[in-house]
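Q: The structure's right below; bear with me while I get my questions together.
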């Protein structure tokens, strides 16, 4: 109701009074809240004038006409009752509206005066009078009274009323508009200040003096709500109040900041628009002022460009500087720096002239002695020749006289010239110089720059026979005290100080010189046209130029006033110091301080700054005249040159000389781009570009690596191409200083061919702009082409090639020609060009059958280099072809993506564009032979075998195992092609790694081959193999990559009416003998399976093994088949081609016979796991044996062993001494001591940062009350075992900050001083990985926190003492500890108990049983690692509530709140995590490894090819005796500790694929032979090469809301020393790898089955613990699975027969495993060995197998 009435009775008017106050305040630099009395009067005047112009309403009986002259009845406020504040007494609404006042505007509606609401208010006594409100109380801001047009006066106008009596406090007006809020805040703050509450209000320069009380907060809230109605508040104020309606202080602080910011910006713009400079202040001060304003505006988001800034500056120039814009009018691209350079030059010249003026001054006594003694101050003859202006010369001379009489301090240029001209000069009657000036009566001693002189120019005088100049700066070969007498036209003598040469450097690089005389006693610098004529230079006043007799223009002439001038910029400055041309008195100079001395004393500041400081007395004791400035100009301080060295500036257009000096193709720029990651091996990772300087013609070549021979091949190719195609020889090649260009091989090649290499300077990439810009342009085009076409990323270089062809054909805006035209080539025929990625149909000239479709869908890439064809990508064949046999696909909807490309590609336009080219082909078409191969050789694209073991189906469709009919034939009509078949995949399949992307020269394609064999060119032959497949399901022509890689399973839905045997062609793996298997019905299949008996013989090795998972069904373990399938679903298992199933009998469930005499598998024996696993071929595939690891170590053996087998016995010299040496090896120290970081640190900057960190740590220790500061103890009084040594350690963190930590020496702490039973717990890595995985699947927010000085929050129970820090200087004293100092044995446990108690009691958390440092409640999960916390929750507000509670007790910093929906990067416990909520998570350590590995001093990048696997099968560690010296042994063991320590850290964090190699080498840390070290180097090299790899997780999309926990187990029997087995396990949660383990079995197993049982039994306990943790954190059902590739192990687990257990140990192990499986509801399933990713944990694998097993989950 009140707000409605207010809106009815309070119309909003924007009065002029408030506007005037605002405009006045923004022009000042004072506090925006400071309203002075001077402003009050001015604002009152403006307000009165504004109000007098407003219309008034008729007067009312209730309210006077003008409330400024008559006050309404004051409010009667009763005495306080029942509390500190009075009771409210308000008029009702009807009473208020009778008088016409708004509801909140009437004084009697005020509950009590504001000063009475203040907590400082004291109730009045019986005789006290209540204060009366002023007559304008309660009126609206900028709103007139209902009866009057007068607006409410501003706060400044009422200041006198406020201060007139201490008992009167003027209330603020009522806010009526959001736009007036900031002005209202000013008045409101003044109201609070007058209410004695100013000390609780923050200002722009300081914080509040004290905290407010509850009563004061109530007062603020009440008055704010009373005078600022909510409907008139700005939105940002409402946002603050919506969070906390009592947070008035935040509103006031933000308002003050807004006012301060707005005021500063307006002041800066106003200052810039009103600049004024006339040379009265130093030029550097003016430059600093303007530069600061421009920088401040730019930082505030108001950039001022060069043109506008120069206009502001030039508009503010006056005096002699007003001619500067005229002198700069020819400069088009003028910058602020150039303009200030001219101002500085003019200022220095002006100061020099003033100093010279004071050097020649007559004394009155001299004038009395000789009335004819005077100096020449008249004008040149050219002035007097104008008869119309006879009096100008006299007036100008008078003005010059006024300037010259001003005394100025000497300057650095000509202060010593005074020595020869201080005495009066007597005129002589010689006529050596005739200047043609008329006689005047002036008695001026010296003339400064005249008002009509053009600064920085020479006056051209045709009547002068000699050239005169006032400054000695341009005189060359000067000689002092010349015997020359010079007079002017009035026969007056002109004193000459020196004679020399004036050297010119004109526009055409012409240099010439004339004689010049130096004198400071002339009005202008005169340039004699007679002397110019002597050197063949004349002045043409019609063209206003200086020119030679042949018409060559040398310099422009400027006409200013009545005279002609030429600029001094063509004068060459002299290298001779000024004193050499002056008569310097030795006694005078020796009394002055030399400038180099002052320069060094004043911190190597520049001369200009020093002089300015002396002139303004900021440096005292001596004056500016006490310094010898003669050497200031030419002085070069060597220390300044070294310490202040900067890069050179690149001048725009500096490369023009190269374009003018070289012919086309003689000067090339080159650069290399790359590498591009996550591409197949066959795709190029780099490209090298070349650009011709003159024509801008470009070439690009693909590169797979940056080796010397690869670069040399490209250089050889392009040089031969240029020589043969353009008949040109390359003379210079510009390149950067990369190792690929600076190597000796390339250097010799260039030297042999007479080519000059031009390298850029170190760290100067801008000098290589041509090549760098080209690479950037090509990459932009590449990304655009791939995005537009939807082609996979491995075709990126095709996009580069296409862009290069087009860019060479486009005209340059600068040269108006294309690069091809500059090179003399014809323009690009656009009719031969297709859009990149254009769908086409390519003719298949040699199909596999006559009824097979002849058209293959493809995508056009770019014209061929080697033929008249086009390069086309065929997704179905995984390769590119060079062909002319293609037809453009017309269907626009058959584009690569789902986007509408109608606006991008128009088929009608494309047909019209290519019509002529197609007709040309049709008219010249010849009969093609049947054996014509569409695959031609071309040098940068080729086949892409995404699935090397699958055949290339020209239909881009694989036959599904469930299809019942052969594929239907396709017609040749392109319009009938299935649109889904021409859609290219967006990403390359992860299995594409061993293929070749360059097309092969020749491939045989003979049909009906009974086997798939690898050809020399890397292709695969196609064959037809019948497959047992159901016939009931219909075949579809749509296929995808997913359908090709699906696991084959037996279908339970075979049709009963289909009993015919049908041979279905199917591809098979390479090297497999395939047979034609008749297709049968389901019943026949079951009969065959039942009646077949198990056998283990050689015949079984010829059949194919199961590539899919074979679940083992039992009533206890796997009651339903869908449960088994769900366990396998979504696991990152490798994709294998489908194979025929293996028939199994019921007897499979029986326990197989165990051969106790089975041979060691490492020596060639066959284990139990091979009993039912068929061997693909007796010969091992060549691809299985291929490896890229080139053994460069001469100690590596090549014996045929399966593993890196350690020796059976490690022999050393002095075994006991060696063990002692290991114990004495100190751990790696990554920190610095106090003396290293501060005392003896020579790096000053680093030392200062460490000192700052030191003081910060000390302050933190004192703040936390770490020790008792009240009492210091004597060392002799304290038990020594209770004294803990302490020290400061310093280190530099990964983020670049310097850290100091005061720690205790816990390593020497006495056992009696701590409880050994206490534990310092941290979160387990598996718990962290589990929490991260659940966060991804549940769309959780992840918040990372850090608690500063966490240990210091925990109290210490024991009585311990430490020595004080070094800065206290009390070495003999001790202080008692009160807090848990870092380094103490009990500090970690104390902190854990402290934070655990706080989280449980104050935050409502509970710790998960069995998992320390994992806390949870119904909404939030917390993982604690010492002082780091990671919070997980569905709702971010839940995390914020926990943070607020933590901040109440601890200094908590939010490292990453995790509120963004985009990708967020974390650094959690060493893991670099990239997380996009609801999509993916990537875990890696690239930055950390990039920083740490180079510090290990490992020889990275050894000779040989890049490693593709961490180890090589067939290598083992030699058993040779280790003979080492003791010191050498210590050093090598220390090195092994560092290397294996880092590798273990990385492996157990996320690189689980390396754990086998890490575990094997870790067993040899005490056996550091050369072979072991070399193998360790190879492992570190592989980690370095793959440091960018990441553990990839994607959000799971389960069919049912359940969690799936799976462990995959494997064992390698007897492959470790003493026939121990290696076991490995990988744990997966919802398809994401969360952990792995590889270790040597603790017991010796006697068979592979026993080893597998041991591996499984080791994995079950952790599997159960993880299951409990998952159920605690996520209340969903959980499915637990156990996968193994040992069928015999599965049969033992599910069998009830114990008779065949051969020993007690084996039986008890198996029985326990049975109980665990049944009791924990584990689903045990079989997984084929080829798909068992845990295989990488137990043995070294070939490269192909290693990649196949790991590329799905780490890449």
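One is the number of the first residue shown, and numbering goes on along the chain from there.
Including glycine, each Cβ sits where the backbone N, Cα and C put it.
Swiss-Prot feature annotations, pasted as is:
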type	residues	note
BINDING	671, 736	Mg(2+) 1 binding site
BINDING	1610, 1652, 1685	Mg(2+) 3 binding site
DOMAIN	660-835	domain 'Integrase catalytic'
DOMAIN	1338-1476	domain 'Reverse transcriptase Ty1/copia-type'
DOMAIN	1610-1752	domain 'RNase H Ty1/copia-type'
MOTIF	1178-1212	motif 'Bipartite nuclear localization signal'
Q: Expressed to the nearest Å, what is the distance separating residue 1652 (Mg(2+) 3 binding site) and residue 736 (Mg(2+) 1 binding site) at their Cα atoms?
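A: Cα to Cα, residue 1652 (Mg(2+) 3 binding site) and residue 736 (Mg(2+) 1 binding site) are separated by 57 Å.
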Q: Measure from the Cβ of residue 1685 (Mg(2+) 3 binding site) and count the other Cβ atoms within 10 Å, all protein chains considered.
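A: The Cβ of residue 1685 (Mg(2+) 3 binding site) has 22 Cβ neighbours within 10 Å.
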Q: State the mean pLDDT for the domain 'Reverse transcriptase Ty1/copia-type' (1338-1476).
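A: Mean per-residue confidence for the domain 'Reverse transcriptase Ty1/copia-type' (1338-1476): 90 out of 100.
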Q: Express the distance between the Cα positions of residue 1610 (Mg(2+) 3 binding site) and residue 671 (Mg(2+) 1 binding site) as a whole number of Å.
A: 49
Q: What count of other C-beta atoms do you get within 10 angstroms of the C-beta of residue 671 (Mg(2+) 1 binding site), across all chains shown?
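A: The answer is 22.
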Q: DSSP secondary structure for residue 1652 (Mg(2+) 3 binding site), reduced to helix/strand/coil, please.
A: helix
Q: Looking only at the domain 'Reverse transcriptase Ty1/copia-type' (1338-1476), what are its DSSP counts of helix, strand and coil residues?
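A: For that range the per-state counts are 34 helix, 49 strand, 56 coil.
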Q: Could you tell me the C-alpha distance between residue 736 (Mg(2+) 1 binding site) and residue 1685 (Mg(2+) 3 binding site) in angstrom, no decimals?
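A: Residue 736 (Mg(2+) 1 binding site) to residue 1685 (Mg(2+) 3 binding site), Cα-Cα distance: 54 Å.
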Q: Which of the listed binding-site residues (736, 1610, 1652) has the least company, meaning the fewest other Cβ atoms within 10 Å of its Cβ?
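A: It is 736 that, of the binding-site residues 736, 1610, 1652, has the fewest other Cβ atoms within 10 Å.
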Q: What are the helix, strand and coil residue counts for the domain 'RNase H Ty1/copia-type' (1610-1752) according to DSSP?
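A: Here the numbers are 69 helix, 38 strand, 36 coil.
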Q: Measuring Cα to Cα, how far is residue 671 (Mg(2+) 1 binding site) from residue 1685 (Mg(2+) 3 binding site) in Å?
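A: Residue 671 (Mg(2+) 1 binding site) to residue 1685 (Mg(2+) 3 binding site), Cα-Cα distance: 51 Å.
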Q: Does DSSP put residue 671 (Mg(2+) 1 binding site) in a helix, in a strand, or in coil?
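A: The residue in question, residue 671 (Mg(2+) 1 binding site), is strand (DSSP, three-state).
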